[in-house]
Number of protein chains: 2
Amino acid sequence: MSRSTRSGTRGEILDAAARLFAATGFKGTSLQDIAGEVGCSKAALLYHFDGKDAILAELLAPAVEAFTTLDARLAGLGDEDVQLAAVEGYVDLVMRFRREVTVLYDDIPALLQRPAFAGVHGMSDRLLDALAARSPAPAARIAALMVLSAVPVICMERIEIGVRTAPIMIGDDELRSILTRSAARTLDLRGA
Amino acid sequence: MSRSTRSGTRGEILDAAARLFAATGFKGTSLQDIAGEVGCSKAALLYHFDGKDAILAELLAPAVEAFTTLDARLAGLGDEDVQLAAVEGYVDLVMRFRREVTVLYDDIPALLQRPAFAGVHGMSDRLLDALAARSPAPAARIAALMVLSAVPVICMERIEIGVRTAPIMIGDDELRSILTRSAARTLDLRGA
DNA sequence: TCAGAAGCTGACCGATCGGACAGTTCGGAG
DNA sequence: CTCCGAACTGTCCGATCGGTCAGCTTCTGA
């Protein structure tokens, strides 16, 4: 379960796939690429996994699980507390699963259609609602959407936006703090 | 040059391509798809255009030109005025070229490598700089990156984020106003 | 009337992809 | 020693893609 150097060929496949998916995207990585990185045949991948999708599902499973946990926690909060908790929980989630988020961002619509991510749509909807403090006002929902879309981009391991700016070299704690405060400003959230 | 119903087969191809690229992405749209929509053969597309890339380049050319204009205007402003002008100019740019932005978002890294978009990287870098009020502080740059990445998502014709929320039904003027104010809050920009 | 250009078609090509499958290697249990 | 199953390979398949090409129609101007 450690981030790098899993044991056995199966583990090596997962490691290589995680690296390549994050670097060149899910669609942009072929089974041949992974096999080449591992040093085995493409058929070996399909011996250990039911297919390319199965590799992806196993890689993203921990992130989906953590998202589910956050979803459950937010569900138990009242409208007053839910917004701040959503901001902090979301920033934390994305930062903890940077690599997974990077992979997911490659092609969200197609990826989320897979059965392994059946519940993600609903959870995303509820998270958006929480970020908007469960307000139906357009201004609140747009600000929530902005936060929802901006946070992953900042944390991604690969720059998807057109900018080629030098990576911002700061520690995770400072990044988390800046992200949380910026998101709170976007949402016009008091007391953050 | 009108958004819909260009004249002639060549115009129909551009219209169909614009619709399909926005709906299913550049990579997700095959020449066969476009030909089917137009009602001609795939070879006819390649008679009118040098290739799939050429269709894309022609579709995005007006947006690139408008971006170039914005870039030039921002270059003439001092550090005090540039941030607000960047916010308003960027929001305006993205809203005016929603469809083009939607297409571009499909695969920014690969798309921007094409010669037709040679200058976009530099312009994006300078826009980011302007949004950060040309400050090197990490907090300013992160907030600028958040704005840069969030605004297009809100305006896109196709929802790329996981949420399946009902589209926010408001007029363009209100959307522009909300976007500008939200972005200003994110950037901690006074007097917007 | 006729040559030639414009517009377009169907057939085809090579590359790449995910995946299927039969066969091979090899270590350990009986 | 035998055998069996896990691990793995090389090869092939069908589908899809962007793109090429020879040739067919249709319109036009000298």
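A Cβ is built for glycine as well, from the same backbone N, Cα and C atoms used for every other residue.
Your range for DNA-binding region, going by TrEMBL and the list A:30-49, A:70-89, A:110-129, is A:30-49. Residues of the domain 'HTH tetR-type' (A:7-67) grouped by DSSP class, helix first, strand second and coil last, total 48 helix, 0 strand, 13 coil.
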